[in-house]
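Student: My questions all concern the structure below.
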Protein chains: 2
Amino acid sequence: MDGQAAADRRVMAKLAHYLPALAWARGYDRATLASDMTAAAIVTIMLIPQSLAYAMLAGLPPEIGLYASVAPLLAYAAFGTSRTLAVGPVAVISLMTLTAASAIAAPGSQRFIAAALILALLSGLILLAMGLLRLGFLASLLSHPVVSGFITASGILIAASQMKSLLGVDGGGATLPELIAGLASDLASIHPPTLAIGVSACAFLFWVRSGAKPLLIRLGIAPRVADLLAKTGPIAAVAASTLAVLALELEDNGVRVVGQIPQSLPPLTLPLFDAQLWRQLAVPALLLSVIGFVESVSVSQTLAAKRRQKIDPDQELIGLGAANVAAAFTGGYPVTGGFARSVVNFDAGAQTPAAGVYTAAGILIAALFLTPLLAALPIATLAATIIVAVLSLVDLRKPVEIWRYSKPDFAAMLATILLTLAIGVEAGIIAGVGLSLALYLWRASRPHAAIVGRVPETEHFRNVARHRVFTDPRVLTIRIDESLTYLNARWLEQFILEQIAEKREVRHLILMCSAVNAIDASALESLEMINRRLADAGVRLHLSEVKGPVMDALERSHLLDGLSGKVWLSQHEAFTKVIALADREQESLAAPDLWAARGAI
Amino acid sequence: MDGQAAADRRVMAKLAHYLPALAWARGYDRATLASDMTAAAIVTIMLIPQSLAYAMLAGLPPEIGLYASVAPLLAYAAFGTSRTLAVGPVAVISLMTLTAASAIAAPGSQRFIAAALILALLSGLILLAMGLLRLGFLASLLSHPVVSGFITASGILIAASQMKSLLGVDGGGATLPELIAGLASDLASIHPPTLAIGVSACAFLFWVRSGAKPLLIRLGIAPRVADLLAKTGPIAAVAASTLAVLALELEDNGVRVVGQIPQSLPPLTLPLFDAQLWRQLAVPALLLSVIGFVESVSVSQTLAAKRRQKIDPDQELIGLGAANVAAAFTGGYPVTGGFARSVVNFDAGAQTPAAGVYTAAGILIAALFLTPLLAALPIATLAATIIVAVLSLVDLRKPVEIWRYSKPDFAAMLATILLTLAIGVEAGIIAGVGLSLALYLWRASRPHAAIVGRVPETEHFRNVARHRVFTDPRVLTIRIDESLTYLNARWLEQFILEQIAEKREVRHLILMCSAVNAIDASALESLEMINRRLADAGVRLHLSEVKGPVMDALERSHLLDGLSGKVWLSQHEAFTKVIALADREQESLAAPDLWAARGAI
């Protein structure tokens with residue numbers, strides 16, 4: 001019976017790991033409920049215009065933005081590890097969806113919507129697979145400069161793509177040069193009423209970001225409440241511009257509006273199974289997943305740290321994967337954790353993921369009952385919402401900082417920005433990742449190494465190039481400052497053989513391994529080769545200060561059997577004893593010149 | 001005038017760097033000439049059957065093997081840095097040529113031959129570009145286990161592909177399963193006379209490898225001469241089997257022979273410029289170049305080390321690139337430095353690359369005058385030559401050794417072997433390189449780090465998990481044993497924040513940077529983020545033992561301005577002073593429980 005109970009406990013522990021909701025649901029009380037409900041109300045108000053706007057940005061009907069803000073939130077609440085992350089449509093992922101699905105069909109078409117569903121499903125499956133296989137580390141391949149450059153370039157692209165709605169022109173294009181050319185060729189047909197709405201919405205929203213909070217405080221509202229109220233600015237812009245359209249009959253005047261949005265629950269959808277389409281969308285889905293994951297984890301880590309909570313990146317992959325799968329089956333499109341809404345959720349006092357559940361309920365109510373109110377909402381207002389939101393993503397000081405700190409990092413960032421703007425999001429990410437990796441591997445293939453000698457009167461050994469140290473022309477000590485791997489194994493061979501070719505008096509080489517944490521099979525083979533080649537040249541190879549685990553591994557190899565020299569515990573011992581050995585060898589060779597003769601064959 | 005002379009000297013030095021031939025040509029004397037001529041004679045005898053056989057293996061007419069052994073040797077002699085490397089057609093590169101060109105046209109067809117020329121040109125251009133851009137380090141991506149696995153699998157594939165010529169059946173197929181199935185279905189039509197020739201040639205050649213030298217020594221021939229004579233075994237097999245065919249009229253009996261080979265100088269050829277074909281052959285050419293380079297450099301390094309000579313890998317790229325371009329314009333196909341022939345060249349006493357020039361002259365004479373003698377040479381003999389040569393490439397002990405030494409390396413090797421045999425050479429290399437890199441990045445994203453404490457009565461700090469050390473619950477010291485890069489930056493954030501979330505008493509974190517050789521922009525941003533998040537959680541971040549160059553870089557960043565703690569020179573100082581600081585903080589907080597309350601918000 002005890003065995004059974006223990007087994008049950010193990011099953012429960014395993015379940016709790018994969019279903020973090022079990023942990024917080026147990027202690028849920030009335031106070032937490034109140035906090036979560038308040039946060040949910042504010043996030044819902046913020047999310048309604050954002051969901052519509054981002055769906056539009058992705059080239060999808062507005063209601064799809066609402067659908068993507070229901071089921072995914074429930075799925076993340078069950079499987080995610082962050083207590084305050086708010087999941088849903090976000091700007092960069094919407095842009096990536098637009099780019100990927102545009103390669104399949106025209107934006108807004110049925111096939112385009114189907115492609116967006118497939119992207120959500122693929123992205124969900126990729127994230128789940130990465131989570132189950134614990135491959136979260138692959139996200140490390142996106143360096144900070146690459147992500148930062150990508151986000152900045154995406155922000156610029158998104159803002160440029162919305163200008164046409166703000167100006168009321170046709171415009172068009174996918175890359176920055178195309179977008180600019182599209183706008184420029186259409187400048188004559190600017191629609192003044194649309195422009196008026198767009199510009200005033202922009203101005204209002206920019207003002208709300210900085211001016212609203214001080215004003216509300218001066219009006220006697222508590223700072224924290226004022227801050228949250230200011231975050232709901234977009235809904236005020238939505239209401240005001242909708243009323244203006246209705247009052248001034250601007251729709252008849254040619255101002256484009258959102259139009260009828262079906263009042264409906266999120267529909268149940270089955271993503272199309274089309275092998276060719278899946279293959280075409282696989283790479284975009286992978287990039288979108290990884291970018292979404294990196295962004296989301298950095299938000300959830302920031303928020304968790306503020307309350308000394310933990311998140312588990314591998315379980316986050318599962319939470320986000322589940323959210324995307326949920327989006328795929330409920331008429332949505334790819335989602336991830338959003339920065340602005342998560343911060344609002346956190347600041348409004350959300351305590352548990354239940355806040356996400358209540359937000360989903362709020363959006364559901366909006367989808368069922370409030371959509372008729374949005375029919376006269378001008379597109380220009382949504383464009384303004386997007387532009388103001390994404391311009392906060394554009395950070396032009398960062399490239400300057402990175403230029404000052406590290407040129408290789410700057411190169412990777414610049415490549416990412418330029419290729420994203422000029423060719424597209426996928427080219428930008430791939431170039432950034434490729435260049436970062438190439439630069440990293442280049443550096444890894446040239447580790448730091450120093451020829452060292454003994455600091456007089458001590459047992460310390462230091463770089464001969466920087467210190468006055470004692471050396472012996474017959475004994476060369478090389479200290480390698482990195483683990484030996486296949487990336488630097490060939491460099492090691494080359495470096496050592498060059499040293500030996502240059503210093504023809506050398507009879508003993510000591511490799512000082514104090515900084516070598518590991519030796520892989522390639523480096524082992526290189527050491528064996530070095531040992532043989534040195535022997536051919538009449539030089540013995542010694543090792544010193546080999547760490548315990550490295551020595552254990554070497555004992556499973558043939559290196560030590562064939563080593564022409566010895567393995568010494570300390571460099572000091574090695575140096576002293578090997579010099580004595582060299583002395584004895586010189587004495588026993590009646591004619592020391594023999595060596596020179598042999599070297600010159 | 002002096003300026004002019006200095007400029008001239010600089011030009012000459014530059015020229016000498018790119019044209020190593022200038023260096024050795026100056027001191028060329030009669031003794032060197034004699035040595036080089038002897039070596040060239042022996043290599044020529046060895047190279048004639050090999051060139052024919054490898055061209056056949058590559059699916060090309062036999063004379064192309066001879067053409068590929070003339071101009072490339074001259075080009076390498078001018079630009080290469082190894083004094084004894086013998087360049088020409090080799091088995092693995094021939095197999096890769098067959099695979100790549102077979103995707104374009106049927107082996108032996110005009111279009112197939114054109115594809116082989118394009119491969120040689122592309123491969124030459126890639127090698128030249130890598131040499132001029134000093135990208136030789138990219139070859140490091142091929143780890144020793146991957147190369148070794150690839151060579152073994154290629155050897156098995158090549159041997160299997162030649163079995164049909166040995167048995168006199170049709171056979172066919174490209175992968176090992178296909179080749180075996182092809183042979184199995186054709187076993188009924190084995191041609192006994194062909195089999196007899198093939199088996200006796202194999203048996204003779206195997207015997208020659210081990211039994212010929214002792215026999216020749218017993219016959220009174222000097223060991224070194226006996227060794228070299230044994231290496232010319234294949235020419236004896238060629239002569240004997242050709243005579244057998246002529247004497248027994250085996251050709252009429254159905255034994256396939258080489259047939260008429262045109263007597264000609266290598267023709268001048270202009271590789272086809274066809275953009276689509278070039279694109280199709282670009283990846284195979286890249287793989288072929290890198291494999292060829294890795295093999296060739298390892299041979300030339302081995303030989304150079306024996307005489308304490310140097311080779312320059314970047315200049316080797318140029319030498320091999322020039323050789324392949326030469327092959328492309330003189331009716332050849334891709335070439336590289338061969339192991340067996342280079343060793344023979346070395347052992348026969350070659351002193352300078354002039355030996356390669358004389359070998360080229362020898363092959364040229366053969367192409368002009370000796371080809372009629374080869375018309376009755378049975379294909380089965382060439383197949384036997386190939387099989388015996390490549391079986392020495394197959395090393396089945398290596399996988400066992402690597403399994404014992406390192407499981408990840410073994411995984412990469414196994415993937416390479418299995419995919420090469422089952423799918424093909426390109427899939428094998430790509431899988432091996434991809435898997436090695438993924439495993440490397442996985443390990444790089446999880447560096448070694450330890451929580452350390454002070455060894456009592458000393459100023460040394462050691463891992464708390466392994467030693468009895470003194471710690472303070474309010475002060476946590478973490479020692480990172482690797483440079484901080486984008487690959488481990490996220491791990492660092494996660495690791496530190498987890499430690500802080502678990503150890504709620506901690507008020508100060510000291511990051512001990514004694515093993516940190518560099519901090520890239522991503523890791524810098526992570527440190528800034530860690531600093532902010534720790535501050536949010538009421539923990540100060542300190543750094544200790546930051547190396548000089550790292551500190552210089554940090555001073556160009558904002559990290560130090562915002563650092564909540566301090567940078568300490570030594571860990572001992574940091575530990576002592578920070579504990580004192582924690583004491584003062586505790587005293588000044590009238591109610592220390594406030595902290596706990598704050599931690600639990």
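In case you wondered, yes, glycine gets a Cβ from its N, Cα and C as well.
Any TrEMBL annotation is an automated prediction that lacks curation.
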Student: Looking at A:137-159, A:505-527, A:574-596, which stretch does TrEMBL describe as transmembrane segment?
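Tutor: In TrEMBL, residues A:137-159 carry the label transmembrane segment.
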Student: Which listed stretch (A:317-340, A:360-393, A:414-442) has the most C-beta pairs under 8 A with the transmembrane segment (A:86-105)?
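Tutor: When the Cβ pairs under 8 Å are tallied, A:317-340 comes out ahead.
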Student: Report the DSSP secondary-structure composition of the domain 'STAS' (A:465-578) as helix, strand and coil residue counts.
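Tutor: Counting residues per DSSP class in the domain 'STAS' (A:465-578), I get 53 helix, 22 strand, 39 coil.
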Student: What same-chain residues lie close to the transmembrane segment (A:64-80): Cβ under 8 Å, and 6 or more beyond its ends?
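Tutor: Same-chain contacts beyond the flanks: 18-21, 47-48, 50-56, 58, 86-89, 113, 116, 120, 261, 266-267, 300, 315-316, 318-327, 329-333, 335, 337, 353-354, 356-357, 359-360, 363-364, 366-367, 371.
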Student: Taking a Cβ cut-off under 8 Å, which residues six or more beyond the ends of the transmembrane segment (A:37-57) line up next to it in the same chain?
Tutor: 63-66, 68-69, 86, 88-91, 94-95, 98, 158, 161-162, 228, 231-232, 234-235, 237-238, 258, 333, 340-341, 344-346, 348-350, 355-359, 361-363, 366, 370, 374, 377, 379, 381-383, 385-386, 389
Student: To the transmembrane segment (A:137-159), which of A:112-131, A:190-208, A:360-393, A:414-442 is linked by the most Cβ pairs under 8 Å?
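Tutor: By Cβ pairs under 8 Å, A:414-442 leads among A:112-131, A:190-208, A:360-393, A:414-442.
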Student: Quick test of the contact rule: Cβ under 8 Å, at least six residues beyond the ends. What residues does that give for the transmembrane segment (A:360-393)?
Tutor: 40-41, 43-44, 47-54, 56-57, 62-63, 66-67, 69-71, 73-74, 77, 91-92, 151-152, 154-155, 158-159, 162-163, 165-166, 168, 194-195, 197-198, 201-202, 205-206, 209, 234, 237-238, 241-242, 245-246, 250-251, 255-266, 340
Student: Under an 8 Å Cβ to Cβ limit, what residues of the same chain, 6 or more beyond the ends of the transmembrane segment (A:112-131), are close to it?
Tutor: 58-61, 64, 68, 97, 100-102, 104-106, 138, 269, 271-272, 274, 277-278, 281-282, 284-286, 288-289, 292-293, 314-318, 320-329, 331-335
Student: Summarise the model's confidence over the domain 'STAS' (A:465-578) as a mean pLDDT value.
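Tutor: A mean pLDDT of 90 is what the model gives the domain 'STAS' (A:465-578).
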